[in-house]
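Q: My questions all concern the structure below.
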Amino acid sequence: MPALACFVDAAAAVLPPPSGYALAGDSTLPPPLTFTTTTTTDGVDDSDSGSNWSPSLSSKLFKIDGWGFPYFGVNNAGDIAVRPHGSATMSHQEIDLLKVVKKASDPKCCGGLGLQLPLVVRFPDVLKNRLESIQGAFDGAIQSQGYESHYQGVYPVKCNQDRFVVEDIVEFGSGFRFGLEAGSKPELLLAMSCLCKGNREAFLICNGFKDSEYISLALVARKLALNSVIVLEQEEELDMVVEISNKLCIRPVIGVRAKLRTKHSGHFGSTSGDKGKFGLTTIQILRVVKKLEQLDMLDCLQLLHFHIGSQIPTTELLADGVGEAAQIYCELLRLGAQMRVLDIGGGLGIDYDGSKSSDSDISVAYGLEEYAAAVVHAVKYVCDRRNVKHPVICSESGRAIVSHHSVLIFEAIGASSNKAPSLSSIGLQYLGEGLSEEALADYQNISAATLRGEHEACLLYTDQFKKRCVEQFKQGTLGIEQLAAVDGLCDLITETIGAKDLVKKYHMNLSVFTSIPDFWSIDQLFPIVPIHRLDEKPTVRGILSDLTCDSDGKIDKFIGGESSLPLHELEGHSGGYYLGMFLGGAYEEALGGLHNLFGGPSVVRVLQSDGPHGFAVTRAVSGPSCADVLRVMQHEPQLMFETLKHRALEFCEQHDDDSVVNAAGLANSLARSFDNMPYLVSSSTCCLNALTNNDGFYYCSGDDFSAADSASVVTSVAGEDEHWNYCCA
């Protein structure tokens with residue numbers, strides 16, 4: 001064994017032999033033995049040396065060419081490159097993600113925007129490309145197969161209700177009549193407002209449970225020349241639609257959601273099948289048709305909707321569901337309904353791990369073109385056999401539209417590891433004090449196993465030795481110095497044999513519960529990658545631990561079935577260490593909570609530009625302040641501040657001659673704390689001339705901060721409602 005023998009040999013010099021025990025008639029160990037091991041001390045494969053490392057090897061290691069294509073890659077500088085126009089992006093149009101982060105987070109006095117991390121970076125160009133790609137895939141399938149109608153999609157706003165995301169989708173999709181889907185009253189209100197600036201033919205699909213107010217809003221939308229369709233999720237909703245439409249004298253357009261027999265067996269398939277949460281059975285659909293016929297309103301029934309679940313894994317399952325729905329569509333036409341639209345719902349999946357697998361909830365075995373071709377073929381096949389006019393095909397592919405366009409950036413603020421201490425720091429002089437006869441015997445067994453090169457026996461005796469010493473400590477017969485020496489020696493032995501877990505814990509300035517809630521709640525995996533230093537070989541493996549006081553606040557599962565992530569050492573590197581979570585543009589922001597009162601991230605909107613930097617920040621918004629998150633929980637920050645300011649004045653009057661000045665200083669510091677984000681502030685991002693308090697947090701004057709004077713900032717937000725009085729610089 002390498003250093004292992006000298007560890008136990010050094011310890012033997014201070015350990016007296018137990019009575020009745022001896023090793024080959026001698027209490028001392030022979031000189032250290034030597035041996036070699038293939039286990040690396042960092043836990044990372046050593047097949048490629050650091051000197052031969054390249055960005056392309058990092059791309060392969062992190063599977064970027066799989067999940068990231070065609071929007072993300074690694075440039076020659078070792079930074080993540082964003083390709084805003086997908087495969088059509090030219091080399092000079094690529095955006096260096098690290099430069100965007102630096103522009104956003106660098107202090108104002110250094111030319112940045114002074115935003116605090118974590119940070120969401122939105123790329124509207126990617127969003128536009130996703131819309132155009134989905135539309136293009138259906139247009140191509142329709143043309144190649146001779147389909148005699150068109151595709152007209154909608155975006156379900158539940159995936160990301162951000163104002164600018166929804167407005168961008170309406171603007172980018174106006175040319176091909178792209179619409180919106182709502183599932184609640186506030187979503188319906190925002191959809192109505194946004195579609196006032198959209199294409200008049202765009203659908204406004206009204207899904208979800210409904211009351212009279214919801215239905216009234218949907219009917220008023222038609223009065224406002226919006227193409228709203230009320231989709232019946234429950235049979236009882238029909239009576240409300242009929243009653244309210246008669247009162248308002250507005251002829252409704254009605255759809256029905258069918259419960260298909262086709263079932264998606266994955267995690268996201270619980271909404272499918274005849275026991276799904278939403279939709280009508282065939283019996284209920286027939287009752288709806290009969291009632292509409294009796295009311296002379298059967299012409300109002302124009303749309304059939306279904307949804308067999310998100311992340312449909314294969315086109316075979318997709319075609320099966322679409323084919324079943326197409327049969328129902330044809331039957332409704334036969335019964336006299338004026339059907340014209342088949343809404344296939346969501347389900348267009350995202351390949352989160354780049355594996356193109358059909359056996360995973362985080363991957364799919366098809367691309368956009370294959371998906372569209374399968375849908376068009378399934379509908380055309382059924383309709384042609386039934387001699388039915390081809391319907392307009394509508395889809396609600398929210399995840400596929402918005403997932404790629406936003407990246408969550410967060411910073412590692414430190415790292416800890418299980419690496420054993422050095423032999424010189426163990427404190428071997430304490431080992432001979434207070435050990436029981438049994439513990440000394442365990443040590444002698446460790447020594448013997450070491451000499452024989454028996455790794456498993458050595459680990460067994462080491463574990464037993466440590467347990468005996470812990471019991472002695474609990475009983476008060478062993479001091480903390482002795483226990484620390486035992487811990488150090490046992491860690492050294494375990495590490496040298498190669499049995500020690502060397503995975504580091506990287507502490508991230510992030511809340512998993514706020515920014516990546518799906519990982520915590522449903523084990524959803526997202527690609528997580530360092531956004532720079534990818535021209536260097538990652539030399540350690542790590543898990544990610546967040547700021548919250550919760551054991552679940554960590555990321556210890558990664559794509560590819562990995563339980564740790566290849567990372568770079570923090571020591572010896574100037575500047576921050578930034579990681580990005582990709583493909584998280586859907587759901588994460590809407591689902592995030594306020595655990596430990598950590599609010600949402602800062603946000604920047606970035607467009608590709610032909611200027612010297614290659615991008616323009618068109619909008620920058622700081623994340624919620626401490627005061628903001630306190631208000632959400634019904635606290636009143638202004639009253640809290642006044643209470644603390646009063647206490648500060650009382651304290652200074654009692655203990656300081658210069659009470660007014662010191663009280664004002666304390667109050668000013670308290671005010672900054674209310675105005676700042678809840679996340680930690682890295683001193684490396686601060687100006688040298690900034691003021692510091694005793695805790696090492698840095699501030700610059702509110703007068704020094706504005707988000708609008710950078711040459712690469714197109715739109716100022718300083719005049720809007722965001723609170724920018726203080727910024728971390």
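Keep in mind that glycine also has a Cβ here, set from the backbone N, Cα and C atoms.
As listed in TrEMBL for this protein:
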ACT_SITE  Cys549  active site, proton donor
DOMAIN    150-403  domain 'Orn/DAP/Arg decarboxylase 2 N-terminal'
MOD_RES   Lys158  N6-(pyridoxal phosphate)lysine
Q: Cα-Cα separation of Lys158 (N6-(pyridoxal phosphate)lysine) and the residue listed as 'active site, proton donor', in Å?
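A: About 29 Å separates the two Cα atoms.
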Q: If you count Cβ atoms within 10 Å of the Cβ of Lys158 (N6-(pyridoxal phosphate)lysine), leaving out that atom itself, what do you get?
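A: Looking across every protein chain shown, the total is 20.
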Q: List the same-chain residues at least 6 positions away in sequence whose Cβ sits under 8 Å from the Cβ of the residue listed as 'active site, proton donor', in sequence order, or say none.
A: Asn596
